[in-house]
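Data block below; observations after.
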Amino acid sequence: MPEGGASISKPSAGPADARAAEGTPDTAPGGTAATRGGTAGAARGAGAAARRPVPGRRASLLVTLLLGGLTATPPLAMDMYLPALPEVTRSLHAPAATVQLTLTACLAGMAFGQLVVGPMSDRWGRRRPLLAGLAVYVVATVLCALAPTVELLVAFRLIQGLAGAAAIVIARAVARDLYDGVAMARFFSTLMLISGLAPILAPVVGGQILRVTDWRGVFVVLAVIGVLLGAVVWVKLPETLAPADRHDGGVGETLGAMRRLLADRVFTGYTLAGGFAFASLFAYVSASPFVIQEIYGASPQTFSLLFAVNSVGLMVMGQVNGKVLVGRVRLDRVLGVGLAVVLVAATALLLLSLGVFGETGLVPVAVALFVLMSAMGITMPNTQTLALLRTKHSAGSASALLGTTSFLVAAVVTPLVGIAGEDTAVPMAVVQLASALVATACFLGMCRPWKSGTSMKGGGV
């Protein structure tokens, strides 16, 4: 399959000369890497230290949409299924806490899958691991649709998560291949706009699917989406990691790269802050179907509408971050404000859940959830950007550590939101507040944003 450069636009003069001077391979139209200004070995040597995303090299609209679709794989796999959770408990005669393990299994799979696929993409390029992952994802999703017991559903969801991890980790790595600094921050906000459509549309689509079929139909639709994504990747996504930039040292080099990344206190701080912020978000994702439908008596369609409204808030704030704040305000300051808002919203939710203000109904809870979700729009992309800016090499491994941390922490906290049963929202609020507190502590204690050189305003580290 040709890995043509039609989907990646490149300037015709200056930057190409710069690539030649650095000895960096340039992807030729037929998909072969022609080394200009030196051999591949020389590129791995002295020139490697200066290697970074090429100025002027950017993703086409189609590739941007595709990367957004790939990053939407986790919310699609989770959110389209959410309105069906109460039905799954009845259909498979399983308690709510056990059914929530289907979310935990998928999250755990995505966590550990990224840890494997990220380094693989640094060694073999981005396309091959991505195509293989999407193929296994489709098969596992079909098996989920056929699962006769909740135990098998949990097992198949684990495999689905392991394979689906390829989509999100490689999408981030491709973005790092193409962009740096402000451009990368803005591109992540663009990806959030595209992938943000998934949590808006997925529960609505899931709710409508439940009008005409049962929960198994949701997985059939997810399998079809996986096939479509794989087809577009096969036809349109070029290889963005040149052969000279790949690691061929095997497991030892992979572990060494990850060890070096984790030894960077600031990188680890941003990674943990993003992971616990994501845990706060996912406590809402996993508990809200029961809180809104079982406690407050809303229909699956009403829940889907509220979920979509919250996702709009996240998406809009993501665009405010990318179009208004990036380049004008230091990213660490924006991140600090986002974490503060999450703390306030989580505190309000806990007080409402404890009945401090009496019987308040669904509206105040929905407002607090909307504020919390909207704040994620300026929290999540900035933790990712600030962490990835700490590394010029091993983008796949760095992306894997980011994703693994987020999904692993979320997988651990998800069962906690159902620990007190289906009749109270207190566990959800406690998990959200505790996660937000830990995220803030990691940001302040490890990243130390008040010190110069730990962040950027519009460029540079």
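From the backbone N, Cα and C atoms, a Cβ is placed for every residue, glycine too.
Whatever TrEMBL says is automated annotation, not expert-curated.
Positions annotated as compositional bias 'Low complexity' by TrEMBL: 21-51.
Annotation source TrEMBL lists domain 'Major facilitator superfamily (MFS) profile' at 61-452.
As annotated by TrEMBL, region 'Disordered' applies to 1-51.
Annotation comment: TrEMBL describes 59-77 (among others) as transmembrane segment.
Sequence-distant neighbours of the transmembrane segment (97-117) (same chain, 6+ residues past either end, Cβ-Cβ under 8 Å): 74, 77-78, 81, 85, 88-89, 129, 133, 150, 153-155, 157-166, 168-170, 282, 285-286, 396, 399-401, 403-408, 410-411, 414-415, 417-419, 421. The transmembrane segment annotation in TrEMBL covers 97-117 (among others).
Annotation comment: TrEMBL describes 129-148 (among others) as transmembrane segment. With a cut-off of 8 Å between Cβ atoms, the residues of this chain six or more beyond the transmembrane segment (129-148) that come close are 70, 73, 77, 113, 117, 120-121, 156-157, 159-160, 162-167, 170, 216-217, 219-220, 222-223, 226-227, 229-230, 233-234, 237.
What TrEMBL lists as transmembrane segment is 154-175 (among others). Tertiary proximity for the transmembrane segment (154-175) is limited to same-chain residues at least six positions away from its ends with a CB under 8 Å from its CB atoms, namely 59, 67, 70-71, 73-74, 77, 98, 101-103, 105-114, 116-118, 121-122, 126, 129-130, 132-137, 139-141, 143-144, 147, 184, 187-188, 191, 229, 237, 240-241, 384, 388, 395-396, 399-400, 402-403, 407.
According to TrEMBL, the feature transmembrane segment maps to 187-205 (among others).
Remote same-chain partners of the transmembrane segment (217-237), defined as residues 6 or more beyond its termini with a Cβ less than 8 Å from a stretch Cβ, comprise 1, 7, 62-63, 66, 69-70, 73, 76-77, 80-81, 84, 126-127, 130-131, 134-135, 137-138, 141-142, 144-145, 167, 174, 205-206, 209-210. Feature annotation from TrEMBL assigns transmembrane segment to 217-237 (among others).
Sequence-remote contacts of a segment are chain residues at least 6 beyond its ends whose Cβ falls under 8 Å from one of its Cβ atoms, and for the transmembrane segment (267-291) they are 78-79, 82-83, 85-86, 96, 100, 103, 107, 261, 303, 307, 310, 335, 339, 342, 346, 365, 369, 372-373, 376, 379-380, 383-384, 386-387, 390-391, 398, 401-402, 405-410, 412-414, 416-418, 422, 425, 427-428, 431-433, 435-436, 438-440, 442-443, 445-448. Taken from TrEMBL, the feature transmembrane segment covers 267-291 (among others).
Marked as transmembrane segment by TrEMBL: 303-322 (among others).
If you look up TrEMBL, you'll see 334-356 (among others) marked as transmembrane segment.
Annotation comment: TrEMBL describes 362-380 (among others) as transmembrane segment. Counting only same-chain residues 6+ beyond the ends of the transmembrane segment (362-380), those with a CB under 8 A from a CB of the stretch are 192, 196, 274, 277-278, 280-281, 284, 288, 291-292, 296, 298, 306, 309-311, 313-321, 325, 334-335, 337-339, 341-342, 344-346, 348-349, 352-353, 425, 432.
What TrEMBL lists as transmembrane segment is 400-420 (among others).
The feature transmembrane segment is assigned by TrEMBL to 426-447 (among others). Long-range contacts of the transmembrane segment (426-447) within its own chain (CB-CB distance under 8 A, at least 6 residues past either end) are made by residues 265-266, 268-270, 272-277, 279-280, 283-284, 287-288, 291, 332, 335-336, 339-340, 342-343, 346-347, 349-350, 352-354, 372, 386, 409, 413, 416-420, 454-455.
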Checklist entry - Do any residues of this chain, six or more beyond the ends of the transmembrane segment (303-322), have a C-beta under 8 angstroms from a C-beta of it, and if so which? => result 79, 82-83, 185-186, 188-190, 192-193, 196-201, 203-204, 206-207, 284, 288-289, 292-293, 334, 366, 369-371, 373-378, 380-382
Checklist entry - What parts of the chain pack near the transmembrane segment (400-420), using Cβ distances under 8 Å and only residues at least 6 beyond its ends? => result 74, 96-97, 100-101, 103-105, 107-108, 110-112, 114-119, 161, 165, 168-169, 172, 258, 261-262, 271-272, 274-276, 278-279, 281-283, 286-287, 290, 384, 387-388, 426-428, 431, 435
Next on the checklist: If we skip the immediate neighbours and take only residues 6+ beyond the ends of the transmembrane segment (187-205), which ones have a Cβ under 8 Å from one of its Cβ atoms?
Outcome noted: 59, 64-65, 67-69, 71-72, 75-76, 78-80, 82-83, 171, 175, 178-179, 221, 303-305, 307-308, 310-312, 314-315, 318-319, 321-323, 326, 377, 380-381, 384-385
Item to check | Taken over the domain 'Major facilitator superfamily (MFS) profile' (61-452), the model's mean pLDDT | outcome: 85
